[in-house]
Every structure is written in C-alpha cells, then in structure tokens.
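A.B. asks: Let me give you the structure first, and then I'll get to my questions.
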Amino acid sequence: MGPEAAGPGRGAAPRLQVRTWIEPVVAATQVASSLYEAGLLLVVKASFGAGAGAGAGAASNHSAGPPRGAPEDQQQRAISNFYIVYNLVVGLTPLLSAYALGWLSDRRHRKVAICVALLGFLLSRVGLLLKVLLDWPVEVLYGAAALNGLCGGFSAFWAGVMALGSLGSSEGRRSVRLVLIDLILGLAGFCGSMASGHLFKQVAGHSGQGLVLTACSVSCATFALLYSLLVLKVPEAAAGSGQALSAGDSVAGTVGTYRTLDPDHSDKQSVQGLHPPSPGKAKPRRTIIALLFLGAIVYDLAVVGTVDVMPLFVLREPLSWNQVQVGYGMAAGYTIFITSFLGVLVFSRCFQDTTMIMIGMVSFGSGALLLAFVKETYMFYIARAVMLFALIPITTIRSAMSKLIKGSSYGKVFVILQLSLTLTGVVTSTVYNKIYQVTMEKFIGTCFALSSFLSFLAIIPIGIVAYKQASWLQYGDVRET
C-alpha cells in the first residue's frame, strides 16, 4: 500500500499508517462473530431438547435409519421460530441508530459508528455467556440482540469499516482494498468456525456446555472494542480523485475494473475530438446507483435466505450433523471470502466490473440449485465449492458506488445500503423460515431452489448497467432520462 497517512517525519509515518489499518478490528470481530453464531445455534438446539439429534448426528454424516418423526420436526420448528424472532430483532433495531451513527461518523469522528457497534457486539456476546453460565431461558437472547441492534449492529459497523477502508485508499486501489478486508473477514471466520465445534464440546454433560466457546467469543469482542478505542487511527483522505486515477493506472489489471462505472470516466477516455465532454450535460449517476441498489438487494435476498435456512438444513435428515460438523460446515462457507478475493484479482485483468458481478451471481445461483438436491455430506461441500465466487457481487457493487459519491458521504451512503440489505434480509429470513417449515417434509430443498431463481434474477439490473456502460464508452456521455 502507498503512503496514505502523512506524518511529521519519515520514521513516524509507517508506524502511524499501521495504526490506520482496520484489518485487526475486522479479524477479531469476525472470530468473535463466528464463535457466537455457532454457539448460538448449538445452545438454542440444546435448549429445545436436542437429546434425539446429537447422538445420531455423531454417528454418521447422514441418517441411514428410519425418520425420527415428530420430535425432530417439532425441534426444527422451535429452532426456526426462534430465529424468526431473533432475526427480526437483529434486523429492525439497528434502524433506530445505524443511520444516526453514519451521520455522526461523517460529521464528527469516523470511529463513532465502529466503536458504538462493537460495544453492542460485546453486550450480545456477554448475553449468550450469561445464558450458558446461569442457564437462563432462550428469550434472554432476544434482549441481548436488541442491545446489539440499538448500538447500530452490523449495519453501522460494516458501513464504518467500508468508509475507513475507502477513505484510506486511492480510488484506483480501493477495489482491491475493500476485497482485501473481506478476505481478512473470511480468514478470521474460517478459523473461528473450525474451532467452534471443538470449543463447544469442552464442557459437556450439563448446562455449562458451550461455556468455553462463548467465553472465547467475549474475549475476542473485548479485544476488538479496546483496539478500536485505543489504537485505531482514522486515515487521512487519499489524494484527489484525478491524481488517484493516474496513480492507479500503474497497478496491473486490477485498477480499471470498477472505474468504468463512473460516467465521468468515459469522458476522460473518449477519443480526442470525438464527443468532447460537455459540462452542461447531466450524468446518470442516480440511475446507476439505483440499479446497483436493486441488483444488490435482489441478490442479497437469495444469499440471506440460503444462509438462514442452511443451519436448520444440516441439523436435520438427511445430513444430521453434530457440533464439530456444524463448525466445519460454517468454515466451508467462509472459504468463499478467499476464493472471491482471488477471483477479483484474476478476473479484473480481463473482465469489466459488471461481468464480474454476474459471474458471482451465476456462481451462487448454480451452487444453491445443487444444494437443493443434497443427500450426502460430500454433496453439500460440492455445492459450496460451486459458490466460490459468491462474495464478488456485493463487494464489487460497494466499491462501484464509492466511485459515484463524495468522500464526505461514504458513511451515510454505506449505511443506507447496509440498512436496505438488512431490512430486506429481515423479511427474507421470516419468509424463508416459514417456507422451510411448510416444505421440510415434502422437499427440503425448496428454499435453495428459490434462492437460485432470485440469484439469476438479480443479473437483470446489472445487465442494464452493463448496457449503459457500453453507451458511455461508445459516445462519451449521455443525458439523464
């Protein structure tokens, strides 16, 4: 990375620049989150009387015996109903605070949204720890989730992370920087998920099962909060957009990927003497941002629905996973962060940004369709492998939008995007859980088939963006219609 933080002397600059890195906060937070997510699922499963499920799941990766009937179905419905309410609380409570935190971050201090959201993360992890330690009812977790949401939740945290990542990088390098943050998030989530099942089994045979797992989650969340408060520094804004573009041209392949979404860029690249830029003509920024929003929301519907149903799917026949297998399955999901990062580095050398977005959508849609027909554990991992580029669309859309807005509006716009995704995700979670309850005895893969359809449907607005992009490159600029 280039020297984006200025200091009084050359010796002090590298040290100051290291303190502007958001990656340690992202890594610690994601380890805490992956431990928490696995712990939440396993604790809730145990709370709803998982006596029938754990032993059979430990014996094999799939059930070879007769169906376990009503008790398993009742447990699945109880877990599903818990997550319906839980996801509603997690999704709706940030609406009261996340936008305000984004506004404060833009006008007061960039760390406000991150620090307040991390405080909420810590409180929710402490809530799960107390539930395990004191054997409280599962309804306590709704209150812990509400505290997390009132502090901004993931919407405020991730918007703050994206704002700091965008602010501290030049426009040319921003695409790779944001995907690198996602890579760190994926690696941390992979490590946490791999360890989660083993940590959960450290205290077994009584209500304290999961104590070690939840304590580790609280420790990581505490570290992230203290680091963001005491160590993290806000990076100084990178050079002006024009200079950043010039500097970025020296980075082979990866730089020009997202830049063509900016209508002004087509003016800069137009052949001299052919359609010179006209300052009086309006540029269709709002249209493109709206299309990107639409594509992101429809695609996120597919992703959220799949992610919400998958934990229930792997606990039930035909897979019937145990605690360790659940952790491994979650870890497999985090490898998508790694493969998507590598995909951006490779595809950006030969494809436009819209093409990369569509590749990611096809990857996820195909994997979700395969997931609908999974009968064995190895088939599950094959389906997950097909989803290897599933992260590219949302990350690329965020990067593209950052090129179309002013730096002073990063926090606000990213919060609006994240809240839109969160709000639609809440509705999706409720609908998908209800669909799963109705169809799990007839065709358990119904939700995955629906996600596949939505993923391919999301390609349409991105295709329109690609068409408009081709018009810019051909004619130099266009009028807003």
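Here the Cβ of each residue, glycine as well, is placed from N, Cα and C on the backbone.
Source: prediction; values computed, not measured.
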A.B. asks: Report, based on Swiss-Prot, whether Thr29 and Lys442 occupy the same side of the membrane.
C.D. replies: no
A.B. asks: Which sequence positions outside the transmembrane segment (84-104), separated from its termini by at least 6 residues, show Cβ-Cβ distances below 8 Å to it?
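C.D. replies: Distant contacts of the transmembrane segment (84-104): 112-113, 116-117, 141-142, 145-146, 148-156, 159-160, 308, 411-412, 414-416, 418-419, 422-423, 425-426, 429-430, 433-434.
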A.B. asks: Quick check for me: are there 3+ Cβ pairs below 8 Å between the transmembrane segment (327-347) and the transmembrane segment (377-397), leaving out pairs under 6 residues apart?
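C.D. replies: Counting Cβ pairs under 8 Å (6 or more apart in sequence), the transmembrane segment (327-347) reaches the transmembrane segment (377-397), since there are 3 or more.
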A.B. asks: Honestly, do the transmembrane segment (447-467) and the transmembrane segment (354-374) touch, with at least three Cβ pairs under 8 Å and pairs 6 or more apart in sequence?
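C.D. replies: Contact between the transmembrane segment (447-467) and the transmembrane segment (354-374): present.
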A.B. asks: Do at least three CB pairs under 8 A connect the transmembrane segment (287-307) and the transmembrane segment (354-374), leaving out pairs fewer than 6 apart in sequence?
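C.D. replies: The transmembrane segment (287-307) and the transmembrane segment (354-374): touching, yes.
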A.B. asks: Which residues of the chain, 6 or more past the ends of the topological domain 'Extracellular' (434-446), have a CB below 8 A from one of its CBs?
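C.D. replies: Distant contacts of the topological domain 'Extracellular' (434-446): 73, 76-77, 80, 84, 309, 312-313, 316, 371-374.
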A.B. asks: Within the same chain, where does the transmembrane segment (144-164) have neighbours whose Cβ lies under 8 angstroms from its own Cβ atoms, ignoring anything closer than 6 residues to its ends? I mean 6 or more beyond.
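C.D. replies: Contacts with the transmembrane segment (144-164): 20, 22, 25-26, 29, 86, 89-94, 96-98, 101-102, 105-106, 110-114, 116-121, 123-124, 126-128, 131, 178, 181, 234-235, 398, 402, 410-411, 414-415, 417-419, 421-422.
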A.B. asks: Sequence-remote contacts (6 or more beyond its ends) of the topological domain 'Extracellular' (135-143), Cβ cut-off under 8 Å?
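C.D. replies: Tertiary neighbours of the topological domain 'Extracellular' (135-143) are 40, 43-44, 47-48, 82, 85-86, 89, 127-128, 207.
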